[in-house]
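Annotated in TrEMBL:
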TRANSMEM  12-33  transmembrane segment
TRANSMEM  45-70  transmembrane segment
TRANSMEM  90-108  transmembrane segment
TRANSMEM  120-142  transmembrane segment
TRANSMEM  162-182  transmembrane segment
DOMAIN    168-250  domain 'DUF6534'
TRANSMEM  202-223  transmembrane segment
TRANSMEM  229-257  transmembrane segment
Amino acid sequence: MPSLIPLDSSLGALFIGVILSTAVYGVTCLQVYNYFMHHSSNDRWFLKLFVIVLWVIDTLHVALLATFYYGYTVTNFGDYDFLAKSYWPLTIQVLIGDIITVTIHVFFACRIYLLSGKKLVIPSAICLIVLAQLSLAIVWVIKLSELQFFFEVPTILKFGATAISIGMTGDTMVTVSMIYYLRKSRSSFKQTNHIVKTLVTYTINTGLLTTIFTLACLLFLSVQDSSTSLVFVLFFFIEVRLYSCSFMSVYVICIIATPQ
């Protein structure tokens with residue numbers, strides 16, 4: 001490893017990612033608070049539990065980000081060799097981030113199952129996709145933990161890029177399916193159509209936002225030309241946080257639009 005690691009593309013990228021990711025986490029916390037204070041009274045217990053579990057996992061991910069950044073910038077300040085190593089909180093957060101993604105995809109797969117009249121084809125396909133994504137994420141984390149330095153083995157990049165690509169496929173399938181079945185549920189009633197239009201709009205906007213950051217993460221990971229560059233991680237941090245934030249946005253607007 002080089003004696004001096006470029007901090008802009010390593011520690012600087014991590015810093016920006018942690019700051020922006022934590023800001024989005026604050027928005028998610030506000031949405032969770034708003035949900036339990038104003039919109040959860042008519043929800044079933046398991047839906048409330050799902051929101052709590054998702055928030056706890058999201059909080060764990062933020063805690064891991066804070067832990068590894070403290071380790072890099074305070075505990076091991078000035079240690080360039082340590083900065084190049086695969087520090088365990090940074091490795092584990094990859095798996096936790098994918099668990100968040102998988103959890104939300106499975107939730108929407110269940111919603112699509114109900115919207116489609118309990119047809120299993122698309123929900124089953126989504127579940128298979130997220131299972132493949134989680135499996136690759138586990139393999140990637142195991143291989144990362146075995147390395148002395150980041151990305152010493154070029155094949156590890158392939159595991160990461162493949163996992164992200166599969167996740168993006170799941171995103172696309174969920175978004176397209178939700179839009180299709182929501183539009184299919186339109187009726188001759190103006191109020192019902194307005195509700196459907198609102199839900200479709202939120203689904204498109206939130207899905208597009210996460211897709212943009214997923215593409216950015218995949219792009220920087222694919223063109224990775226340095227073992228010390230962590231720019232792609234910046235987009236991964238924000239992408240993970242946007243999943244939870246987008247889910248709460250869509251879920252709360254569903255409750256507001258359909259109070260019954």
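First residue shown is number 1, and so on along the chain.
Placed from the backbone N, Cα and C atoms, the Cβ positions cover glycine too.
Here the transmembrane segment (12-33) has long-range neighbours at 51, 55, 58-59, 62, 65-66, 68-69, 72, 229-231, 233-238, 240-242, 244-245, 248-249, 252, meaning same-chain residues at least 6 beyond its ends whose C-beta is under 8 angstroms from one of its own. Beyond its flanks by at least six residues, the transmembrane segment (45-70) meets 14-15, 17-18, 21-22, 25, 28-29, 32, 35-36, 87-90, 92-93, 96-97, 99-100, 103-104, 107, 237, 240-241, 244, 247-248, 251 of its own chain at Cβ-Cβ distances under 8 Å. Contact count against the transmembrane segment (229-257) (Cβ pairs under 8 Å) is highest for 90-108, out of 90-108, 120-142, 162-182.
Panel annotation: around the transmembrane segment (120-142), residues 91-92, 94-95, 98-99, 101-102, 105-106, 108-110, 112-113, 156, 159-160, 162-163, 166-167, 169-170, 173-174, 177 of the same chain, lying at least six beyond its termini, place a Cβ under 8 Å from a Cβ of the stretch. In the predicted model, residues of the domain 'DUF6534' (168-250) average a pLDDT of 77.
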